[in-house]
Amino acid sequence: MKKIGIAITDPEDWTARALITAAKEKGFFPFILDLRIAEVSISSKTSEPATLFKAGEILLSDLDALIVRDVGAGAFEGVSFRFDILRELEAGGVTVMNSPEAIQNAANKYHASYLLARAGLPVPETVAVQSVEAALRAASGFGDAVIKPVFGYKGKDIARVKDGEIRFSDRKTGPGTVEEILEKLLEERGMLYIQEFIENPGRDIRAFVVGGKAIGAIYRKAAAGSWVNNLSRGGSADRCVLAEEQKEIAEKAALAVGTTFAGIDIIEGAKAQTGNENKKTEDKSTGQGSRILEVNGTPSGKGIFDAWGINPAEYILEYLQNIL
């Protein structure tokens with residue numbers, strides 16, 4: 001029986017539980033572990049392994065595969081250490097899904113935008129800067145701009161700059177002038193990641209891709225009065241049938257970032273239809289076509305399961321079963 005680890009941080013998380021159940025159903029022996037308690041021993045004694053990787057009582061190097069649901073937040077050195085462990089396990093022959101490189105590619109919004117654009121995929125116009133002057137120029141040039149933390153998640157700490165004001169994702173207007181707020185953000189982050197705001201019908205799309213194939217999608221609709229569509233920010237989910245063009249760019253986005261499974265966030269543009277019907281992606285040159293917003297390398301499967309009854313965990317474990 002193949003031994004697989006499932007790295008989680010919240011035992012009650014829907015996706016974590018779904019992965020554990022699917023692993024058992026596929027005949028795997030799942031080891032549930034938390035990378036935040038992982039330890040590594042390095043020795044030059046011939047009587048001991050050169051390197052010993054443990055998480056609690058689990059010997060990580062004995063695993064056939066490791067599925068990463070969550071690495072866990074924390075200080076820079078701690079998070080970097082966990083990714084080092086994943087890289088070293090991978091080098092030692094453990095199949096890691098998603099790979100540490102892919103998770104980091106997806107988590108870094110700036111680098112993900114670069115990879116997506118390099119692959120010829122449509123993305124919002126984007127500027128990354130390290131000065132307030134450059135940030136003001138970018139925001140002014142876009143007219144309506146969004147500033148996101150490069151390593152943000154769940155729609156937190158997103159700011160929209162429009163008409164001389166900054167509104168944050170909690171819908172409050174930022175205190176101080178735009179310049180003062182940008183100075184504060186730059187001091188905190190060291191750089192600013194700025195995108196044009198894409199006018200849209202009050203929703204975006206989360207497509208789930210496994211093994212290079214889009215298995216389903218949902219609309220994420222913003223809460224009343226909000227401009228942020230994340231479910232974690234009060235948004236709601238509904239069924240979405242992807243147009244062929246949207247399916248194609250979602251699958252290519254997962255490949256461009258290096259993910260085996262991923263949540264691909266797509267924004268449609270203001271002219272999109274507002275039903276659940278198949279939509280056509282408009283010509284990229286019009287500025288109103290579908291664009292890739294982000295790639296999530298550790299996505300939740302709950303939204304698509306609630307909307308469609310599609311369980312991404314089953315697809316992930318089936319893919320893993322086929323490659324081991």
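Using N, Cα and C of the backbone, Cβ positions are placed for all residues, glycine too.
According to Swiss-Prot, the ATP binding site annotation covers Lys148, Gln195, Glu196, Phe197, Ile198, Glu199, Asn200, Pro201, Gly202, Arg203, Asp204, Arg220. Around the Cβ of Ile198 (ATP binding site), a 10 Å sphere holds 20 further Cβ atoms from the protein chains shown.
Applying an 8 A CB threshold to same-chain residues 6+ apart, the list for Asp265 (Mn(2+) 1 binding site) reads Asp204, Ile205, Arg206, Ile292, Leu293, Glu294, Val295, Asn296. Annotation comment: Swiss-Prot describes Asp265, Glu294 as Mn(2+) 1 binding site, evidence class sequence analysis.
The Mg(2+) 1 binding site annotation in Swiss-Prot covers Asp265, Glu294, and the record cites sequence analysis as its basis.
Among the features that Swiss-Prot reports, Mg(2+) 2 binding site is placed at Glu294, Asn296, with the record citing sequence analysis. The Cβ neighbour count for Asn296 (Mg(2+) 2 binding site), using a 10 Å radius over every protein chain in view, is 20.
Among the features that Swiss-Prot reports, Mn(2+) 2 binding site is placed at Glu294, Asn296, with the record citing sequence analysis. Mapped onto three states, the DSSP output places Glu294 (Mn(2+) 1 binding site) in strand.
What Swiss-Prot records for 113-321 is domain 'ATP-grasp', and it gives sequence analysis as the kind of evidence.
Residues or ranges marked as region 'Disordered' by Swiss-Prot: 274-293.
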Where does Gly202 (ATP binding site) sit by DSSP, helix, strand or coil? coil
Cβ neighbours of Lys148 (ATP binding site) where a neighbour is any other Cβ within 10 Å: 21
A 10 Å Cβ contact count, applied to the binding-site residues Glu196, Asp204, Glu294: which residue has the minimum? Glu196
Three-class DSSP secondary structure - Asp265 (Mn(2+) 1 binding site): strand
